[in-house]
Amino acid sequence: MGVTELGKLIGKDIRREVKLENLAGKCIALDAYNSLYQFLASIRQPDGTPLMDRVGRITSHLSGLFYRTINLMEAGIKPVYVFDGKPPEFKLAEIEERRKVKEKAMEEVLKAIKEGRKEDVAKYMKRAVFLTSDMVEDAKKLLTYMGVPWVQAPSEGEAQAAHMAKRGHCWAVGSQDYDSLLFGSPRLVRNLAVSPRRKIGEEVIELSPEIIELDAVLKSLRLKNREQLIDLAILLGTDYNPDGVPGVGPQKALKLVWEFGGLEKMLETVLRGVYFPVDPLEIKKFFLNPPVTDEYSTDIKKPDEQKLIDFLVREHDFSEDRVLKAVERLKRAQTKYKISSLDSFF
């Protein structure tokens, strides 16, 4: 879900639109779960249901991951996918709430299928998308066969991705969410894992990658440091307190940060007595010091062609002709990189 309300304060003047080719030579730490959910929500059959193999296993995420990653590499981008680990304890209640929402949406999907309402199938299916552990493992397997690096985060994927960007091992974090800025990434690139065209109502709009720099956000919002940005996000709502503070919208939240300087003083004064399901200072502490690891590789390796074909074509019923052509594209794209045959860690 991410900090969507915060995005309303980030104006067009801060969002620098670029073409994929403008990111050539850059290493991008991609939020794997965010990307996979995008693929699951957008890659569907004409009846609104996801792509599936002959035994009914969902493959929309594999299709999106395979072809979109090749597109990124053809543009000269070096992708590194970062997978979520164990969430903080105070996120578990929100995760359970999301699970219930997805279950309810799936009930509506089944009802719409039974009644032949194709538009409703597509609508509710987007709300019902979920990732199983098997789907995640298949995504990791696919990336390994492609020779594309992936990292297992100890906790939040965006925290790990931001850590890699802060260390200079990746140029930016790639995600639709803004959380990586709170975790300290110097820059965020949005719209990398989505289709360049998106239908909103009857209108089809073009989506270009956009770069958002942390320093530019702080300057535009007249914030002294990242801590104040975190305070602002907590007032508006994060993954850990999605409702934020009742009655506090983007502009009011910004004024509170300007006036009181920080969350600590607000809790002693204007927010005294306000109920928080999760201690906001614990949330702030987590954004400032999340669990991360230095054990990771960003090396591109040679693809294992046979395993790729066996996995996608034999196991998951992808078109052999399309996969063979895509593998050739992948091999050509990889000539842009220094290929490693051994693991190398920072």
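Counting begins at 1 with the first residue displayed.
For all residues, glycine too, the Cβ spot is worked out from N, Cα and C.
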Inquiry  = Please identify which of D120, D134, D231, D239 is recorded by Swiss-Prot as part of the Mg(2+) 2 site containing D177, D179.
reply    = D239
Remark   = Mg(2+) 1 site partner of D84, E156, E158 according to Swiss-Prot, chosen from D31, D47, D53, D138, is D31
Query = Can you list, in sequence order, the residues of the same chain other than D31, D84, E156, E158 whose CB lies within 8 Å of the CB centroid of the Mg(2+) 1 site?
reply = A32, Y33, N34, V82, A153, G157, A159, Q160, A161, S175, D179, S180
Ask   = Measuring Cα to Cα, how many angstrom lie between E158 (Mg(2+) 1 binding site) and D179 (Mg(2+) 2 binding site)?
value = 7
Task = List only the single closest residue to D239 (Mg(2+) 2 binding site), chosen from the binding-site residues D31, D84, E156 by CA-CA distance.
result = E156
Inquiry  = Need the DSSP three-state call for E158 (Mg(2+) 1 binding site) to compare against my parser.
reply    = helix
Message = So if I draw a 10 Å sphere around the Cβ of E156 (Mg(2+) 1 binding site), how many other Cβ atoms end up inside it?
response = 28
